[in-house]
Amino acid sequence: MRRAVCFPALCLLLNLHAAGCFSGNNDHFLAINQKKSGKPVFIYKHSQDIEKSLDIAPQKIYRHSYHSSSEAQVSKRHQIVNSAFPRPAYDPSLNLLAMDGQDLEVENLPIPAANVIVVTLQMDVNKLNITLLRIFRQGVAAALGLLPQQVHINRLIGKKNSIELFVSPINRKTGISDALPSEEVLRSLNINVLHQSLSQFGITEVSPEKNVLQGQHEADKIWSKEGFYAVVIFLSIFVIIVTCLMILYRLKERFQLSLRQDKEKNQEIHLSPITLQPALSEAKTVHSMVQPEQAPKVLNVVVDPQGRGAPEIKATTATSVCPSPFKMKPIGLQERRGSNVSLTLDMSSLGNIEPFVSIPTPREKVAMEYLQSASRILTRSQLRDVVASSHLLQSEFMEIPMNFVDPKEIDIPRHGTKNRYKTILPNPLSRVCLRPKNVTDSLSTYINANYIRGYSGKEKAFIATQGPMINTVDDFWQMVWQEDSPVIVMITKLKEKNEKCVLYWPEKRGIYGKVEVLVISVNECDNYTIRNLVLKQGSHTQHVKHYWYTSWPDHKTPDSAQPLLQLMLDVEEDRLASQGRGPVVVHCSAGIGRTGCFIATSIGCQQLKEEGVVDALSIVCQLRMDRGGMVQTSEQYEFVHHALCLYESRLSAETVQ
């Protein structure tokens with residue numbers, strides 16, 4: 001009876017021990033159970049609930065005391081990869097609630113950003129131990145429907161309080177290249193299962209995001225192949241632009257330097273050194289850099305050796321020398337400063353003397369004699385014949401001296417500021433002088449204009465001047481008022497590639513200095529525009545007719561002389577209607593080319609009408625004596641003959657009628 005009672009009690013005790021229900025140390029039971037099941041045993045009750053909720057296969061999992069049929073089926077289909085995390089050795093003395101070893105679960109691999117998933121928690125990630133990380137891993141695997149071995153915890157991000165993880169295929173070795181794309185993983189994520197399984201972690205966000213290591217790796221890829229090419233291309237373009245700018249700058253400097261050298265070469269006057277000797281020394285010759293011919297006399301400058309006496313100038317005939325080819329006269333310092341010409345002088349042996357002596361050169365004498373005496377009178381038939389021989393007219397034109405003015409011959413300081421072209425200057429003997437604003441201001445009397453003689457040498461029949469500049473418009477209208485000019489003829493556009501003339505008249509009314517200009521009427525003709533103007537100064541008025549001829553083409557002569565001839569006839573009619581008034585003002589840009597053509601044609605037509613013959617050569621020479629360079633080119637010289645021939649045919653037609 002007693003044995004019968006003890007046997008059931010003994011069996012009960014054995015079953016309880018096998019079930020692990022003793023209150024003592026049950027670590028041996030945990031190890032045996034884990035070995036049989038192949039799964040970690042959850043310490044907490046909610047962890048056991050998580051284990052029950054993990055469904056690897058859609059069928060229900062039936063458990064046995066020693067094996068699991070579902071696990072056997074799964075193992076046949078997919079070979080379970082052992083966890084790569086090292087497990088701590090079994091130590092009975094360790095408390096299961098405090099297993100500290102989170103570094104064993106964190107892989108810290110440089111995973112590409114496209115494969116990383118970041119899970120943000122409410123729980124402090126710094127307090128997660130290996131047990132909680134395993135729970136987290138299994139919960140994520142359950143939400144994804146994957147095995148825990150496929151979920152890898154890569155990093156714990158303390159600043160964001162989040163866990164960085166990635167998922168790998170089960171049949172491949174875990175590695176960076178095997179990680180599944182984060183977007184594909186998130187599409188298969190069951191949010192409800194995730195929150196139910198890991199409610200104690202307080203998951204707030206699941207998103208793909210770059211990790212710090214990957215960000216560093218991508219930052220290191222700034223100098224990638226594409227980036228390197230982009231930088232090289234940018235630097236190449238920059239170098240090319242800088243090089244082009246430097247080349248353009250150098251070309252500009254060279255161009256400006258060549259212009260300065262040309263100007264200096266044109267303006268430079270080389271004067272021979274003057275030999276200074278004591279009073280008793282013998283005379284020495286003076287050599288000029290240009291020697292056209294020999295002269296019978298030479299000048300000696302004799303100076304007191306002490307430099308106290310006045311210089312004595314004597315003429316000797318002992319030696320033949322070549323005088324300077326330039327006409328010189330005594331000039332002072334103020335005059336030299338007013339000129340833009342550089343002088344090269346040998347002043348090494350000079351004392352307190354004035355070394356300049358005015359001597360007309362043979363070349364100047366010959367040029368002036370030619371201008372005064374040249375003549376070729378043409379009858380009407382000869383005029384028609386010579387027009388057909390352009391080469392004869394060109395040869396004749398080339399023999400006419402230009403008679404340009406040397407800047408030193410103008411005794412007005414700073415006169416260059418009122419010249420449109422530095423080499424086109426008014427002849428001093430025929431220059432128009434304005435009434436000065438005050439006695440000491442000599443510049444206010446200057447304007448680049450000359451009186452031009454007309455038919456039969458009539459004085460002041462015309463005024464040839466340059467196109468007004470912005471700073472000479474007042475001077476122009478002062479000249480028109482002062483000379484009481486009835487007609488102004490303008491033969492240029494305002495701009496032909498470069499500025500030729502400024503708009504010096506108003507649209508309706510304008511005041512220029514002391515002269516008020518009113519536009520009364522405007523008449524548009526085929527080739528020119530006529531404006532009737534009224535000039536007022538105080539209580540006095542003057543009527544002026546302004547002709548603006550715009551049909552002259554750039555850099556050549558017109559194809560037909562008819563428009564210019566008609567303009568000349570209209571101006572001549574107005575001039576005759578205003579007898580007793582001043583000269584006709586004619587200007588183009590420089591005041592010598594087209595201006596010379598108009599005046600030469602006007603004089604030649606009067607000569608044809610009065611005498612029946614014409615001397616165009618003499619007319620042009622007379623114009624150049626009054627203003628150098630008039631009728632500037634051989635083409636213009638031919639054009640004058642064409643205009644005269646056309647006028648002659650008109651006269652013949654009128655005679656027949």
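Going from the start of the chain as shown, residues are counted 1 onward.
Glycine residues also receive a Cβ, built from the backbone N, Cα and C atoms like all the rest.
For reference, Swiss-Prot has these:
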ACT_SITE  Cys588  active site, phosphocysteine intermediate
BINDING   Asp554, Cys588, Ser589, Ala590, Gly591, Ile592, Gly593, Arg594, Gln632  substrate binding site
DOMAIN    393-647  domain 'Tyrosine-protein phosphatase'
CARBOHYD  Ser23  O-linked glycosylation site
CARBOHYD  Asn129  N-linked glycosylation site
MOD_RES   Ser272  phosphoserine
MOD_RES   Ser339  phosphoserine
SIGNAL    1-21  signal peptide
TOPO_DOM  22-227  topological domain 'Extracellular'
TOPO_DOM  249-657  topological domain 'Cytoplasmic'
Check the recorded positions Asn129, Gln632 for other C-beta atoms within 10 angstroms of each C-beta and report the one with the most.
Gln632
To the nearest whole angstrom, what is the C-alpha distance linking Ser589 (substrate binding site) and Asn129 (N-linked glycosylation site)?
99
Quick one: Cα separation, the residue listed as 'N-linked glycosylation site' versus Gly593 (substrate binding site), in Å?
105
Sparsest-packed among the binding-site residues, when each Cβ's other Cβ atoms within 10 Å are tallied, from Gly591, Gly593:
Gly593
Given Gln632 (substrate binding site) and Cys588 (active site, phosphocysteine intermediate), what distance in Å do their CA atoms have, once rounded to a whole number?
12
Local backbone state of Gly591 (substrate binding site), from DSSP in three classes:
coil
Of Asp554, Cys588, Ser589, the recorded positions given in the record, which has the fewest other CB atoms within 10 A of its CB?
Asp554
For the domain 'Tyrosine-protein phosphatase' (393-647), provide the mean pLDDT of the predicted model.
94
For the residue listed as 'N-linked glycosylation site', name the DSSP secondary structure in the helix/strand/coil scheme.
coil
What three-state secondary structure does DSSP assign to Gln632 (substrate binding site)?
coil
Max Cα-Cα distance in Å among Asp554, Cys588, Ser589, Ala590, Gly591, Ile592, Gly593, Arg594, Gln632, the residues listed as binding substrate?
15
